[in-house]
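Trainee: Dropping the structure in here first, questions after.
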Amino acid sequence: MSNPAQRANKLFVQTFGTQADELYCAPGRVNLIGEHTDYNDGFVLPAAINFHTAIVVKRRDDLRFRAVSDAFPGEIEEWIFGEEGTPVKNHWSNYLKGFTAAMATSGLTAKGLDLAVVSNVPMGAGLSSSAALEIAFGTAVNDCSQIQLSPLAIAQLAQRGENQFVGCACGIMDQMISALGQQDHALLIDCLDLDSEAVSIPDSLSLIIINSNVQRGLVDSEYNLRREQCEQAATHFGLESLRDLDLASLEAGKSELTAACYKRAKHVVTENRRTQNAAWALESGDIGKVSLLMAQSHASMRDDFEITTSEIDYLVEIISEVIGNRGGVRMTGGGFGGCVVALVDHELTDSVVSIIEQKYADKTGLEADIYLCSASDGAKRIDN
Ligand code: GAF
């Protein structure tokens, strides 16, 4: 009974005393490159991963939602569509209520649902467990009420819910990749016009995610601060966003910016270039180039965006020594802890695992979790 769908069905019966009708799943994500570029209208290159949130539902004839999650046993959350109230700080149901609130403010309506949630996306690890929850729920609501929103529109509503109800100023990357991911592919997303292009991940590469298990502190406040600093830099140059800034103009205006704003802008401007180049390199199988670009991305997050930690830097350092230019490695996600992603030649997988086992705990006192992943499809209804 370890699969989330089976567990969600069981939880539903235990909670509501009847069988659920439908099952929906949405994946977590790993970002290969393009960090903190989404809310700057830039480029990102994430992949959906084979860790999922499953939601089983039964339609109701009224506007009431009743939700239960196996991560928070014994609590049944209830609300009426359009009457979500105010969020309770850090409560899991905020992500669901944020979605229905965003629908209501967009002039949409949906019928109520009874639902049970089970996920195997590691929570608080920077692999977007919250986007997987929002998108699984949004897909269920859309399908059960036959609203016919596109996956992109579901992602936009989920982001709006997170921005306006949950209070996190996140970009669109996590919701988009959870809704639109493609098996064996990453997506190059242009966050300005929300166009996306599938980029195949070569068969020769393993996708390894290493959870540093560093407790992520101050994530929300530091995230929002980075976003403000980027916006200040864009405003200084009279731009809507850093998307339109080039490195020469940034260097020319350096002395007029605070040191922090200059460094944040430098990361974003250079990361946008790296992300587009990495997509082309991956598509053409140029792993040496991917390796270099991921290394540069990590250094930029460490030195300019200042969102890595010493434990994460150490993981990247020891993995880099093992893989050389036969793969890439960098921190992934919002930062201040969380995970490292490595994209490496299959033959090197065992060496990566063993170097982590040999060195990481000794150096940091923490045990890393290692997930051998594959790129998977985005959210969908599954026969229940
Ligand atoms: C978090 C956010 F939710 C994303 O929108 C993105 O900004 C990411 O951090 C950093 O690239 O996952």
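The backbone N, Cα and C atoms fix where each Cβ goes, and this holds for glycine too.
The model shown is predicted, which means the values in this text are computed figures rather than measured ones.
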Trainee: According to TrEMBL, GLU35, HIS36, THR37, ASP38 bind substrate; so which of TYR24, TYR95, TYR223 is the extra one listed there?
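Mentor: Answer per TrEMBL: TYR223.
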Trainee: Let me know the model's mean pLDDT on the domain 'Galactokinase N-terminal' (11-59).
Mentor: 98
Trainee: Under 8 Å Cβ to Cβ from SER129 (ATP binding site), same chain, six or more residues apart: give me those in sequence order, or none if nothing qualifies.
Mentor: GLY28, THR53, SER119, VAL121, PRO122, MET123
Trainee: Taking Cα-Cα distance, which of the binding-site residues THR37, SER69, GLY124 are within 10 Å of ASP174 (active site, proton acceptor)?
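Mentor: Near ASP174 (active site, proton acceptor) by Cα: none of them.
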Trainee: Near ligand 1, which of the recorded positions ASP38, GLY124, SER130, ASP174 have CB less than 6 Å from any of its atoms?
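Mentor: By the Cβ criterion, which requires under 6 Å to ligand 1, the hits are ASP38, ASP174.
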Trainee: Excluding GLU35, HIS36, THR37, ASP38, TYR223 themselves, which residues in that chain have a Cβ inside 8 Å of the centre of the Cβ atoms defining the substrate site?
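Mentor: Neighbours within 8 Å of the Cβ centroid, excluding GLU35, HIS36, THR37, ASP38, TYR223: GLY34, TYR39, ASN40, VAL44, GLY171, MET173, ARG226, VAL268, GLY334.
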Trainee: Let me know the most crowded of the binding-site residues, choosing from ALA125, LEU127 and counting other Cβ atoms within 10 Å.
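Mentor: Answer returned by the neighbour count: LEU127.
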Trainee: How many Å lie between the Cα of LEU127 (ATP binding site) and the Cα of ARG29 (site 'Transition state stabilizer')?
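Mentor: With distance taken Cα to Cα, ARG29 (site 'Transition state stabilizer') is 5 Å from LEU127 (ATP binding site).
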